[in-house]
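Here the structure comes first, spelled out in structure tokens, and everything after it is commentary.
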Amino acid sequence: MIDRFGRPLEDLRITLTHVCNFECFFCHMEGEEGDNYILSKEDILLVAKVAKNFDINSVKLTGGEPTLRRDLVEIVRGLKQLGYRDVSMTTNGLLLKDLAYKLKLAGLDRINVSLHAISRETFKKITGVDAFDRVIEGIKSAIDVGLVPVKLNFVVNRRNREEVFKFIELSQNLGVNEIHLIELHPVGLGKLAFKEHDDLREIEEYIEKISIKKQIRKKHFRPRYVLPSGLIVEVIKPYANPIFCAGCNRIRLSVDGKLKTCLYREDNVIDILDILKGEYSEDVKEELLGRAFMIAIAIREPNFKYKI
């Protein structure tokens, strides 16, 4: 489906829980606030089933920390049984070592691991947990079982800026496929932490100089740089960036049963919780959810627009 701004809707991003075993000071919480209501596996899979009718073929599981859901493996398996071409997950990696193989067997295609530091000291300052070594083990396990491409997310801020290039070196040594250098943006806890925002221009200019190839990704029109080692460095700058918004192809399912059309917006949402929890037949629920998706697509718009 194409929205009124000419943007295709291709990706469903599902927040499985707000609970997390880390305390990152800048967490955007998928732009969600409020109670930690958790949709059931059946609710999630029903929404995903309806989303398939709108040519959505990719699902990203997020949190909070999705590995804290005991039914995570079953959710992944259910999504693949629905026929999704690409099912991926973003995780902090703390529990990944023990789950990687099970997730691969269930059908998880690839994984993003958040790693915002390259030293135990900085890692603990950012996450509140002394778990750097355990996360590294989780990353290695993901590579070993074939959850590829394995991508590492690094939110650049004033506390870790000096570690960016060592992070690139670590990523190359680990053998991951790709890293994302992400701008800190004022969403969720990031609103309070935005004073730690750091401009990525100098970093990106240097990466472009040492790269052997530059690409522009369709999603968000993100710049990607291929290094001589083969590592791909993707630079993600969402804040006040109309180019980023013009390439957005996502819709979000929140933990409390809302279709969220934009990470930055709390007004452009469609509440579907009453449909999911109502005493309707599954056929009626599917019809009502389909209408909800149509409305969501109709109201979907870029948060940052070009000024004419």
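Each Cβ is built from the backbone N, Cα and C atoms, and glycine gets one as well.
According to DSSP, LYS151 (GTP binding site) sits within a strand segment. Taken from Swiss-Prot, the feature GTP binding site covers ARG13, LYS60, THR90, LYS151, ARG250, ILE251, ARG252, and the record attributes it to sequence analysis.
Around CYS20 ([4Fe-4S] cluster 1 binding site), taking its Cβ as the centre, 19 other Cβ atoms fall within 10 Å, counting all chains. Annotation comment: Swiss-Prot describes CYS20, CYS24, CYS27 as [4Fe-4S] cluster 1 binding site.
Per Swiss-Prot, S-adenosyl-L-methionine binding site is recorded for GLY64, SER114.
Here Swiss-Prot flags CYS245, CYS248, CYS262 as [4Fe-4S] cluster 2 binding site. In sequence order, HIS220, PRO238, PRO302, ASN303, PHE304, LYS305 are the residues of the chain that are 6 or more apart from CYS245 ([4Fe-4S] cluster 2 binding site) and have a CB within less than 8 Å of its CB.
Residues or ranges marked as domain 'Radical SAM core' in Swiss-Prot: 4-224.
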### Query
Which state, by DSSP, holds CYS20 ([4Fe-4S] cluster 1 binding site): helix, strand or coil?
coil
#### Entry: Residues flanking the [4Fe-4S] cluster 2 site, with Cβ no more than 8 Å from the Cβ centroid of CYS245, CYS248, CYS262 and excluding those residues themselves
ARG7, PHE244, ARG250, THR261, LEU263, TYR264, ARG300, GLU301, PRO302, ASN303, PHE304
## Note on the structure
In the three-state DSSP scheme, CYS245 ([4Fe-4S] cluster 2 binding site) belongs to helix
### Secondary structure at ARG252 (GTP binding site), reduced by DSSP to three states
strand
#### Entry: pLDDT averaged over every residue in the domain 'Radical SAM core' (4-224)
93
### Query
What residues, ordered by sequence, lie under 8 A Cβ-to-Cβ from ARG250 (GTP binding site) and sit at least six positions away in the same chain?
LEU9, GLU10, ASP11, LEU12, ARG13
### Query
Rounded to the nearest angstrom, how far is the Cα of CYS24 ([4Fe-4S] cluster 1 binding site) from the Cα of ARG252 (GTP binding site)?
21
